[in-house]
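> First the structure, which I've put down as structure tokens, then a few questions once you've had a look.
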Amino acid sequence: EGQVDFKRQDVEPITSTHLPPEGIQEQKKVLNSLMSGALAGAVAKTAVAPLDRTKIMFQVSSKRFSAKEAYRLIYRTYLNEGFWSLWRGNSATMVRVIPYAAIQFCAHEEYKQLLGSYYGFQGKALTPFPRFIAGSLAGTTAAMLTYPLDMVRARMAVTPKEMYSNIVHVFIRISREEGLKTLYRGFTPTILGVIPYAGLSFFTYETLKKLHADHSGKLQPSPPERLLFGACAGLIGQSASYPLDVVRRRMQTAGVMGHTYSSILLTMQEIIREEGLIRGLYKGLSMNWVKGPIAVGISFTTFDLTQILLRKLQHSTNVER
């Protein structure tokens with residue numbers, strides 16, 4: 001009695017008892033975002049770790065940057081300390097970047113949903129301004145919750161193995177010798193830099209995906225297209241916030257580099273006075289134009305593809321049930 005023809009719809013009848021409650025769906029969505037973000041951050045940062053370490057070493061010194069000098073520094077480090085020394089500080093990076101990326105990507109999804117509800121775009125792509133705000137808030141949230149780990153990572157990148165043997169040792173020595181406040185040195189320029197960086201990165205990536213969908217008619221871009229969109233996002237975001245990144249690194253490593261930087265403006269003034277505006281505040285930017293787009297491209301692509309994979313796995317599990 002009451003036979004239903006499902007041929008036209010080409011779907012299987014699913015009773016309401018098989019559908020998970022709204023709360024469980026939301027929990028799964030958040031968990032998916034956290035897992036995808038963590039993997040995205042880990043893969044991207046590990047891929048560019050040697051370039052990242054080299055960039056930091058130039059940022060915190062008064063040496064003039066050039067591609068030739070960067071290559072020499074990488075080669076000398078390899079000869080003197082071995083191949084794996086190029087990834088020195090990457091363990092601290094992973095400890096920081098996994099929670100940072102997980103929080104940032106998850107927060108971005110949540111902020112998009114909240115702003116979509118607020119502006120009346122629920123289920124649709126946000127307009128440009130809310131898109132920028134969602135990215136900025138996501139980056140700020142992640143930076144606030146994980147900042148001491150970034151501080152530790154910078155210290156490990158610019159010091160020899162003999163000074164800090166591991167992450168815990170860095171925390172202990174900084175707390176004992178310089179005080180707990182030191183763990184938040186450079187926090188203000190970090191937040192000021194994260195707002196344009198995260199805002200522009202997410203804004204650019206989401207905008208390029210929307211433009212692609214509008215013009216191609218495809219709902220989702222291909223992996224190479226995602227990499228390209230992410231690379232553009234990284235290039236724009238990092239270029240806009242780079243001087244504050246230099247100031248942040250100088251303030252973070254002041255204790256081991258023989259400097260005392262008390263504020264953002266004084267740090268900027270000293271860098272400009274000693275090294276010049278472009279050579280000082282934009283030192284290593286050309287390396288960032290190589291490293292940044294690669295890292296951000298890999299990060300966004302890994303996040304999107306992992307999200308798609310997890311959704312498919314959950315969908316197939318629900319159908320089997």
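Glycine too: its Cβ is placed from the backbone N, Cα and C atoms.
TrEMBL lists these features:
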type	residues	note
COMPBIAS	1-11	compositional bias 'Basic and acidic residues'
REGION	1-20	region 'Disordered'
REPEAT	28-114	repeat 'Solcar'
REPEAT	126-211	repeat 'Solcar'
REPEAT	221-309	repeat 'Solcar'
> When the repeat 'Solcar' (28-114) is classified with DSSP, how many of its residues are helical, how many are strand and how many are coil?
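DSSP composition of the repeat 'Solcar' (28-114): 76 helix, 0 strand, 11 coil.
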> Using DSSP, break the repeat 'Solcar' (126-211) down into helix, strand and coil residues and give each count.
72 helix, 0 strand, 14 coil
> Average the per-residue pLDDT over the repeat 'Solcar' (221-309) and send me the rounded value.
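Mean pLDDT across the repeat 'Solcar' (221-309) comes out at 86.
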